[in-house]
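Annotated features in Swiss-Prot:
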| type | residues | note |
| --- | --- | --- |
| REPEAT | 73-113 | repeat 'WD 1' |
| REPEAT | 121-163 | repeat 'WD 2' |
| REPEAT | 167-205 | repeat 'WD 3' |
| REPEAT | 214-255 | repeat 'WD 4' |
| REPEAT | 266-305 | repeat 'WD 5' |
| REPEAT | 322-371 | repeat 'WD 6' |
Amino acid sequence: MDPGDDWLVESLRLYQDFYAFDLSGATRVLEWIDDKGVFVAGYESLKKNEILHLKLPLRLSVKENKGLFPERDFKVRHGGFSDRSIFDLKHVPHTRLLVTSGLPGCYLQVWQVAEDSDVIKAVSTIAVHEKEESLWPRVAVFSTLAPGVLHGARLRSLQVVDLESRKTTYTSDVSDSEELSSLQVLDADTFAFCCASGRLGLVDTRQKWAPLENRSPGPGSGGERWCAEVGSWGQGPGPSIASLGSDGRLCLLDPRDLCHPVSSVQCPVSVPSPDPELLRVTWAPGLKNCLAISGFDGTVQVYDATSWDGTRSQDGTRSQVEPLFTHRGHIFLDGNGMDPAPLVTTHTWHPCRPRTLLSATNDASLHVWDWVDLCAPR
């Protein structure tokens, strides 16, 4: 039997729900608006790129399966066009505003999702201090009463801008030229940064720049690029920061001690990430100690980190771990099992359905999948 046919048969056992869609263009953005819709945006250069607000199939908008539903496809609720490639998009909570970043990275763009039509239109821009041809500002949003946009391409250019007044309310005010890979707002006063080098920091915006940080991810990190995500912030002690290297190294850290990883493991990736800009690690919002990684090939790997505390082999090297689940649908459905297989550009967890993820690839496919934990007791 053809490998693709084998996978289709096996998928009946592997998935509770599975949907495959074709977008008009590849996306690096999957941004939730409530639990029923997502934004996607194209990132091709030298062309207009679509920004779309997609409504999920009705079956995925309910917490329990209650029979058959007629709608089995995404519906386009709103749309617009950007003259730039879009590498990041953030929805400003409790508003109809979006903030996008991409190349050329000389400014951020603010968009409004219309109430009385299906249009997403550009309404303003936010100036960027650091203007470099090859770098684009990372973006995060403080969802306070007066929303603030955190952005920067390097540590020295980090700042928070009030979205309404456009006044700068916080700056790093340092000369450090480290390149950023990700920014994440944790609460009304705190954000996390990850540098491409693996340097991590937690910043309190009520104080001058004095981050709680590590300076590097540890031995063996030369030449790697890194990304990170903080999960379950403020919910007690424990390893709530996951840091992923382009060679498949995955570190879990406790925010109270960023210099000493709680565990350091090696994920089974066949080759280093071909495009470290696409590296992604995410914590499952509805499953304890569960996370997913992508950006190495056409798969998304899901891990249970419950037993990883202190994980190292006797000679001090990192131990290899095996995923709890691997989504290979993009390879067999979109790539037909052929090389080069599609590359996953991003993934995200559904905010309410514990085992449901969305994933997209560079061939413009979008999958929604609810995986079955085959190791769980029946």
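Glycine is treated like the rest: Cβ placed from N, Cα and C.
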Intrachain residues whose Cβ lies under 8 Å of the repeat 'WD 2' (121-163), provided they are six or more past its termini: 80, 82, 87-88, 90-95, 97, 99-112, 114, 169-172, 174-185, 188, 191, 193, 195, 205
Remote residues contacting the repeat 'WD 1' (73-113) - C-beta distance under 8 A, at least 6 residues beyond either end: 19, 21, 28-29, 31-33, 37, 39, 41-45, 48-57, 119-128, 131-141, 143, 147, 149, 151, 153, 163, 277, 366
Averaged pLDDT, computed only over the residues in the repeat 'WD 6' (322-371): 90
